[in-house]
Amino acid sequence: MDPATWAKVKDHPCYSEEAHHHFARMHVSVAPACNIQCNYCNRKYDCSNESRPGVVSERLTPEEAARKVIAVANEVPQLSVLGIAGPGDSAYDWLKTKETFRLVTAQIPDIKLCLSSNGLALPDHLDELVEMNVDHVTITINMIDPEVGAKIYPWIFYNRKRIYGVEASRILHERQMAALDGLVARGILVKVNSVLIPGINDAHLLEVNREVKRRGAFLHNIMPLISAPEHGTHFGLTGQRGPTAAELLAVQEACAGGANLMKHCRQCRADAVGLLGEDRGQEFTLDLVPEAPVYDPAARETYRDWVGAEREDRRAAAEAAQAATEAACAASSPKLLVAVTTQGGGRINQHFGHATEFQVFEVDATGVRFAFHRRCDNYCVDGGGAEDRLDRVIAALDGIDTVLVAKIGDCPREGLASAGITARDSWAHDYIEPAILALYRERMTQKQAITA
């Protein structure tokens, strides 16, 4: 990656898998108006117990949003990115989006600005985005064929009128491509989000991937459809299922030769706060933040200095571990899938019983690569575990050889072992990549001894 691009993404948790171990994002819900209807969307406001795009607990004015961002920046030194992702469309509800960015950057000039849009209104604001120093934009692109699009979007609102069917999807497609081209031409990094909808666009997403790569998209994030009936979406109410983990992985792997894939997405709420995989939004509702917070940059500056040192230390440790692995293991050695429990920082630093997700890595003699994450209910409740919860954790770890944890009790360790999953706390609080490589060398050495 060239230095200019790395400078843009190194602190952005969504645009860099490495950065998401260290840095947090914050979404503010200032843009409720939307100009399209998606069959997978129902923008429920006032809902604090769901974790999916478009959901918020409270809608904010730009002034309230700025107040909240300053309060979070003072309490969450990891904060590096302010994003506007709805609950409607940030480019359509443009005046609120623009005013929010203006108010926040007047107080916190170094915060990265990011927005997410369906793309329909984006071409109208390209030059303003440059003027505002927005250098990350996400466009949701689910199709490049209007016939496919008509199955996803019932209507759009464009040029002061509602348009339906294939014609609506044709206009949406043209505007999305114009937005993508215009953003790339202006040096703004574009992440494309695509929702994988089995039987509708699953095969088509390979074409989408090729096209957005050809036009210069920086990342392509293929996400599973969320379609539980209780969410009240058209797809949920009509029985359209989401993809299985295997189906999602198959499409991602089929697209691996196209645009760079983002695999660490958590499908955040439109008011999410914190590291990816956690949401501290309920700690910062309006009734809990000060009326007139004053921004103090000291904690964020100190944290960035610490992260810089940690990154160098982690990089050196990973390089040494990789060299040892290449020396000890044949290039043809088989791959392993290894899960880890982490609270961030790129370390194995979470108790097994507290984990609500597992980060899964693929390792072989050539190195360690992030593969995907698996969510689950945490095993420990009120200080103890439950058998049904362990069963769900085991299901989430299907296909995983080993899980590396900071700590684990005897009961869950034995339960995992009975399911063919080894739990290890030998590398508690170590960096993830060197620990996985150490495990890999150990396994390959054992295998060589058995076959010798």
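The backbone N, Cα and C atoms fix where each Cβ goes, glycine too.
Taken from Swiss-Prot, the feature domain 'Radical SAM core' covers 20-271, and the record attributes it to sequence analysis. Per Swiss-Prot, [4Fe-4S] cluster 1 binding site is recorded for C34, C38, C41. What Swiss-Prot lists as S-adenosyl-L-methionine binding site is Y40, G88, T140. Per Swiss-Prot, the feature [4Fe-4S] cluster 2 binding site maps to C265, C268; the stated evidence is similarity to another entry.
In the three-state DSSP classification, T140 (S-adenosyl-L-methionine binding site) falls within a strand. Cβ packing within 10 Å was compared across the binding-site residues C38, C41, and the lowest neighbour count falls to C38.
Here the Cα atom of C38 ([4Fe-4S] cluster 1 binding site) is found 11 Å from that of T140 (S-adenosyl-L-methionine binding site).
Among the binding-site residues Y40, G88, T140, the ones whose Cα sits within 10 Å of the Cα of C34 ([4Fe-4S] cluster 1 binding site) are G88. When every Cα pair among Y40, G88, T140 is compared, the largest distance found for this S-adenosyl-L-methionine site is 13 Å. Under the three-state DSSP scheme, C34 ([4Fe-4S] cluster 1 binding site) falls in the coil class.
Averaged across the domain 'Radical SAM core' (20-271), pLDDT for the predicted model comes to 90. It is 10 Å from the Cα atom of G88 (S-adenosyl-L-methionine binding site) to that of C41 ([4Fe-4S] cluster 1 binding site).
Its own atom aside, the Cβ of T140 (S-adenosyl-L-methionine binding site) has 22 Cβ atoms within 10 angstroms in the protein chains shown.
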